[in-house]
Amino acid sequence: MSQAVESRTRIKSERYESGVIPYAKMGYWDPEYVIKDTDILALFRCTPQPGVDPVEAAAALAGESSTATWTVVWTDLLTACDLYRAKAFRVDPVPSAADTYFCYIAYDIDLFEEGSLANLTASIIGNIFGFKAVKALRLEDMRFPVALLKTYQGPATGVVVERERMDKFGRPLLGATVKPKLGLSGKNYGRVVFEGLKGGLDFLKDDENINSQPFMRYRERFLYSMEGVNHAACLTGEVKGHYLNTTAATMEDMYERANFARDLGSVIVMIDLVIGYTAIQSMGKWSRDNDVILHLHRAGNSTYSRQKNHGMNFRVICKWMRMSGCDHIHAGTVVGKLEGDPLMIKGFYNTLLDTKTEVNLPQGLFFAQDWASLRKCVPVASGGIHCGQMHQLINYLGDDVVLQFGGGTIGHPDGIQAGATANRVALECMVLARNEGRDYIAEGPQILRDAAKTCGPLQTALDLWKDITFNYASTDTADFVETATANV
């Protein structure tokens, strides 16, 4: 027997000895590992407990998210365990964060059921976030191989088909959320929908927590909302929609509500992130089968995505939701009232809209990603935005986005229709200025003032909200900053 064979045999024998062996010595750490095209890659931000070696922490994460438990088990010998072990292959210190490390882990594709987000997440985020050896842990990014992505449906409709169905091209789509969230009767709710759509919006929207409460059952809301949609469409000659929230206690109830919305002629239905991954995928499949756009409200995401040291980065949620079948997802505004660093938001939007995503560390994109022809998911900008920010919104977010002005429509002093008209005129004048080649970013406020001379609702809105912004420091910011290239 050669010396090399003897060495491999000895290492393998030691690896399977009974008792507790460090994860790194059990095969979960391999700095020489060669990444395969079919591997799933995950990047964790890990803060080990004092005294825990970062390499051992990374190996523990790899082990506990794949095949390991706390001690050696003899049944490992009955499997292709060397193949099925996840491999931690790289550990880097996080810039400007003491005792915190980026841990790169590769998973063999056979560890995951095809097309099942529930199975994927049960491994990747299943129990390692409660692991005592780490003080804090965050899933920052993932890369999915084309072979796995081909087993996922992707967005039910996609950007191109949605624009064709809505007959809206060359500009962002406009929407608003009905306010107040709760308490309106069905008839009053439908009136809000009608006024907003008649004033120039493309969509009105249920909020995340309006389902089927005693003050307004879902059938009332759906009926009156669709009456408003159809009336506004007839008056304006435009295709209109209202996101009818089908979120419910059971899948049977959700299908019942979605079928009712479809039968009423709705072009779009809505779900909340809190319904869970299996329910989201199920509704994605239903939407594809029924030719209905699927809007996802990210209700609950900030409970685990906002803090930088523990939880999960929202870009991972964006990837999972694009895979699972959602056509829309709220992804930040930059200038609104909700968490949103400009670089991070750009990374979210690129994740949802790119056909191939390149590595971009300032935007938090650690892996290149080929999206395997999955359709694009439309980002939704919602929360504390108004027409006075239109030039900033177009500059930051581009055309493939839904701009949701809730309070910025329904809070207009002259009424909902006037608020909608103000937003539509602001959008149209800014897109026109951009298409004419003007410096609409620098001239934005003046462009809006000029348009307001012939649009009373816009003038009123500009006078009311002026340059209101929500300037708070973001908690989730880039770890790597863009720097100028030096001339040598």
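Here, residue 1 is simply the first one shown, and the rest follow in order.
Including glycine, each Cβ sits where the backbone N, Cα and C put it.
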Per Swiss-Prot, ASN127, THR177, LYS181, ARG298, HIS330 bind substrate; matching candidate in SER66, SER382: SER382
Which of LYS179, ARG298, HIS330, the listed recorded positions, has fewest other Cβ atoms within 10 Å: LYS179
Cα-to-Cα gap, HIS297 (active site, proton acceptor) vs LYS179 (active site, proton acceptor), nearest whole Å: 16
Rounded distance in angstrom between the Cα atoms of LYS181 (substrate binding site) and ASP207 (Mg(2+) binding site): 6
ASN127, THR177, ARG298, HIS330, SER382 filtered to the binding-site residues whose C-alpha is within 10 Å of LYS205 (Mg(2+) binding site): THR177
Between ASN127 (substrate binding site) and GLU208 (Mg(2+) binding site), the C-alpha gap once rounded to whole angstrom: 28
Rounded distance in angstrom between the Cα atoms of HIS330 (substrate binding site) and GLU208 (Mg(2+) binding site): 11
